[in-house]
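Chemist: The structure follows.
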Ligand SMILES: CSCCC(=O)C(=O)COP(=O)(O)O
Ligand SMILES: [Zn+2]
């Protein structure tokens, strides 16, 4: 098989008229997220799981300019690439997206470099918080908390061991773990995985001085949770500036 025919064959994995096809959807979401400051300066990204296929963006590119044919496609079972665009490298976030798929059965994972996410990690890190509060962002009694599911599930059923599923209620406390940043994105994998295991109710992990990873059972849930979280991070930063406490 020639290189040219090989390329055309794998193009079938990313060419579709359906705007909700993962290759089109990732490009579209990144354009929208760029306007929110979530994926600027090549940072941040989105990945979608579609059946046995994982769709991943390239690394180090302007995320708002990506085309569907720029996407990498990985087989979920074998972790082998079914499609690798020439010249490009897969996102350095790939092992972190895979952690959300493997450990939470997520259908989509969003990584933002939102300044609100970064600021909330700085406020939690600062001496203003009790030592026990420095590695977690907790907030309660704000309506938008109801947009957050326990564990990124979305179901109203009760999980094994009696653990509640479904979305948080107004009087629940939302807790998002904060992990240390590393010099290289891919080296976050072990601590992110540990946080996912230690915080079964979380649908996100904040990375100190870096951003946030948010997942959901599908694109809609990952996106609305990323929006709700960004709202809550911004609100908490503004409350902090006003001297108001966001958890008692
Ligand atoms: C200025 S972005 C540094 C890398 C990073 O944190 C990130 O989220 C983007 O990684 P990618 O490999 O997807 O470009
Ligand atoms: Zn990043």
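Here the Cβ of each residue, glycine as well, is placed from N, Cα and C on the backbone.
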Chemist: To which of 21, 210 does TrEMBL also attribute binding of Zn(2+) at the site defined by 111, 113?
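Modeler: For the Zn(2+) site that includes 111, 113, TrEMBL also lists 210.
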Chemist: Rank aside, I only need the closest one: which of the recorded positions 111, 113, 143, 210 has its C-alpha nearest to that of residue 93 (substrate binding site)?
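Modeler: The answer is 111.
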Chemist: Quick check: which same-chain residues outside 111, 113, 210 lie with their CB within 8 A of the centre of the Zn(2+) site CB atoms?
Modeler: 43, 44, 112, 114, 117, 118, 207, 211, 212, 213
Chemist: What are the sequence-distant neighbours of residue 111 (Zn(2+) binding site), meaning same chain, six or more residues apart, C-beta distance under 8 angstroms?
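Modeler: The list for residue 111 (Zn(2+) binding site) reads 44, 45, 46, 93, 96, 97, 211, 212, 213, 214, given in order along the sequence.
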